[in-house]
Amino acid sequence: MDKIRIVGGNELKGTIPISGAKNAALPLMIASLLTEEKLILENVPRLADVALLQRILGNHGVDITTNGKRNGDDPYAGQTLEIDARVIVDTTAPYDLVSRMRASFWVLGPLLARIGVAKVSLPGGCAIGTRPVDFHLDALRALGAEIEIDAGYVVAKAPQGLKGARIVFPKVSVGATHTALMAATLARGDSIIENAAREPEVVDLADCLIKMGARITGAGSSTIHVEGVARLKAARHAVLPDRIETGTYAMATAMTGGDVMLAGARPDLLESALDALRQAGAEIDATNEGIRVRRNGAGILPVDVTTAPYPGFPTDLQAQFMALMTKAKGNCRITETIFENRFMHVQELARLGARIHLDGDTAVVEGVERLTGAPVMATDLRASVSLVIAGLAAEGETMVQRVYHLDRGFEKLEEKLSRCGAQIERISG
């Protein structure tokens, strides 16, 4: 099993290209199931989750051609996928594939909307809380689907097709919003999705669906209107830049006292996180090239944050920000409101010398002057990269185990950091 070895103490200086967003690419790939015509996606990141979803779609009969690099010989350019879902040979998504990635559950809505039947295993993915699929199923039931749970599978039928409906989510859910949005595009009549997720990835999905012929208004607000259409057509769409990757490298730069240009990043996608970084003492400037992040030798200031649905502070940056706060000049409180059990990185950060106390859904971080390298173990995607950030600022060697989590969400992480001066390498074995 691969490990990542880090020798801390180096400032990050240089340019890090930001990849396409995984959390946008996955639902966009799944949206291909809604049409018999080709969907071409550009700027798709090269990640384990993307490769797994290609396998899952292939299981349904979808043909995917990878057209390599978009921009000449740039090794960091996103790949282009040409997706042809003209023929669906199987409407079952099996346990052995779906259990490995939660987002693969989203095939349920498009298959049901287009084919009228789907059988999808209950999902897997990161071990963060329970994250039930009830909101997805309730949305599809509202659209007229008949749904049963049988031996660990969701069996859904809509023999007469889906019908437009009013869908009200009791709590904001990005995944359920994706499901409702995709299914409603082919439903007969109008649908209104209330308390919808406002995340940029939802907007990106809506933008792509509109290019495919969907009639959608209100994406990015809490109320989305969808006028169903009979069919969707071919389209070409570029995946938006990854705001979580952007925030991660911005926090790593602030942690090491560096100066990094995050090329291709969009500041409008993560304003709350950038505001927190400014309060912590980082200098952040938007340019035509991307976002420049710097921190001088004044030290890191403590900042309280509470995770919240977009446009609030992203839960997917909570672990990384906690790593930054371990070296703050004072104490801060980090409150997690989105997922339970998302403090699994606390014990591992403590192995590096961090002082963190848990009080329910809040972590109280007492900043320390120095962290010391040690062997640590990743527990999930975002926790694993928080350990890398801490390792960059720790004295001595940090060895991060279970780095397969990183490969699910960060493209060429060691390469991007090492080109900016980090002493980091992957050790196979």
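Note that Cβ sites are derived from N, Cα and C of the backbone, with glycine treated the same way.
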Which of I147, I149, I291, I338 does Swiss-Prot put in the same UDP-N-acetyl-alpha-D-glucosamine site as R102, K171, V172, S173, V174, D316? I338
Cβ neighbours within 10 Å, counted over all protein chains: which one of the binding-site residues K22, V172, V174 has the most? K22
With DSSP assignments reduced to helix, strand and coil, which class does S173 (UDP-N-acetyl-alpha-D-glucosamine binding site) get? coil
Using DSSP and three states only, what is I338 (UDP-N-acetyl-alpha-D-glucosamine binding site)? coil
I need the CA-to-CA distance for V172 (UDP-N-acetyl-alpha-D-glucosamine binding site) versus N23 (phosphoenolpyruvate binding site), whole Å please. 16
